[in-house]
Amino acid sequence: QAGYSIISQNKKLKYFNVFVLHELHIFAIIDVCFSASVPQFTNSPTMIVMVGLPARGKTYISKKLTRYLNWIGVPTKVFNVGQYRRDATQSYKSYKFFRPDNQEAMKIRKDCANAALKDVCVYFNQEQGQVAVFDATNTTTERREVILTFAKENGYKVFFIESLCDDPEIIAENIKQVKLSSPDYEGYDAEDAVTDFLKRIDCYKMTYVPLDDDNDRSLSYIKIFNVGSRYLVNRVQDHIQSRIVYYLMNIHVTPRSIYLTRHGESELNLVGRIGGDSGLSPRGNKVFASALSGYMRSQCIRDLKVWTSHMKRTIQTAEAVGVPYEQWKALNEIDAGVCEEMTYEEIQGRYPEEFALRDQNKYRYRYPKGESYEDLVQRLEPVIMELERQENVLVVCHQAVMRCLLAYFLDKSAELPYLKCPLHTVLKLTPIAYGCRVESIFLNIEAVNTHRDKPVVSPHPHTLWQVKRDFNDVEPPPTLTSIQHFITYLNTVNKFSTHKHRNLK
């Protein structure tokens, strides 16, 4: 049809309304209310396929990459074939299970891989997944061909990550830190477990065929040599693959700690106002800043780096530590827009609809002329990349910023907007094999409580339009001949408030 028309879709769903502009077969969907839908970062699902011998850090990479992708808003899940194998067999006996001539065991391992692939399908088709990390050795050409065929039949993209390591010290450390605590070796003597695991590696070496620069030149992959000493990247296809490569080239495994703390109590904290750029209260300046300096000295860290935002209260806090500091604009507190320097009670009184909308979806809600937590995560991505490259760092920041950073390191994206980050407390984060150890150090200086618990909200939120009229009672809009005509219509029809225009994308 020539021109555009506007239609309502799925009227039976009372609480989820969309308009669709369509011209021929091209559709533009405009969401006029807050929905639970997931932003699409990929135009088709992507399988990340790990490749490499045991004890090469594949599971470490899988879990870390999954944590990062979920944090930036890409629904991602790890499918660890080793866990499928442990679930399918009663107990692990010895390395002989992995011999290539053990036909019975080979069948079990093949069945486990196929079961994992079926679950990948379920994840993509029924759970809104966008990226699946297939964590297994995948050391043979035949196994990789099976995966490629499976992906092609289902319309998935494939990106291989091969981890190669020939440094005996790195391999030995990986076995010591991770493999000895595996369920496979529960009850084993440590020396016997190491001997058995090394023989297991030898079993895989018999059939291992690494990705070949010539024979596999049509595939998309990254090769990581000796935990990041060198990289080789081939045929990156899209945005999500380029972000994966960028991330993998920034991480390292050097032991270190990251210290997160909020600024000392501020003058606006004392009166319950959000945002602003006030200085510290007497308690925050003279007492907490001094205590923070003493605590950091007690850690005896050489070459400690200190990062702050551009706001007075973080700079005043950091100055007491007595070491040079770097100012990051990206670390500034979330921008509350028209609500800056207001109390929550004032916001509820002056902007009751905005207050209610934020309670419905705090992560995606954007303050008028301000930011959302989702915006803040995107702003903080360069900070995360740089933190991954650094060693020991003290980050003096703000409540919303600290929540975002903490959600990344602790893999708590679902809880992000409500993580507790009290004033006058240092969180010491120490990366370990498959996660991060956190220590909370309260410096014994009282401060006001700025945390607001998650409110109980209706499971069926109404938009402002729906409050006035039920969706089924709305008159059909006129035929629209252009995008501008459509916008003009929205701006003039009395069913839409100003904040609705702001949320159109």
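We count from 1, first residue shown onward.
Keep in mind that glycine also has a Cβ here, set from the backbone N, Cα and C atoms.
Listed features, source TrEMBL:
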ACT_SITE  H263  active site, tele-phosphohistidine intermediate
ACT_SITE  E333  active site, proton donor/acceptor
BINDING   R262, H263, G264, E265, S266, E267, L268, N269, R313  substrate binding site
DOMAIN    37-255  domain '6-phosphofructo-2-kinase'
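With respect to their backbone Cα atoms, G264 (substrate binding site) and E333 (active site, proton donor/acceptor) stand 14 Å from each other. Cα-Cα distance from H263 (active site, tele-phosphohistidine intermediate) to R313 (substrate binding site): 6 Å (rounded to the nearest whole number). Under 8 Å, Cβ to Cβ, and six or more positions away along its own chain, S266 (substrate binding site) finds S278, G279, L280, S281, G284, R313.
On a Cα basis, E333 (active site, proton donor/acceptor) lies 13 Å away from L268 (substrate binding site). Taking the mean position of the Cβ atoms of R262, H263, G264, E265, S266, E267, L268, N269, R313 as the substrate site, the remaining same-chain residues with a Cβ inside 8 Å of that point are S278, G279, L280, S281, G284, L423.
Maximum C-alpha to C-alpha distance over the listed substrate-binding residues R262, H263, G264, E265, S266, E267, L268, N269, R313 is 14 Å. For the domain '6-phosphofructo-2-kinase' (37-255), the mean pLDDT of the prediction comes to 95.
Rounded to a whole number, the distance between the Cα atoms of E333 (active site, proton donor/acceptor) and R262 (substrate binding site) is 10 Å.
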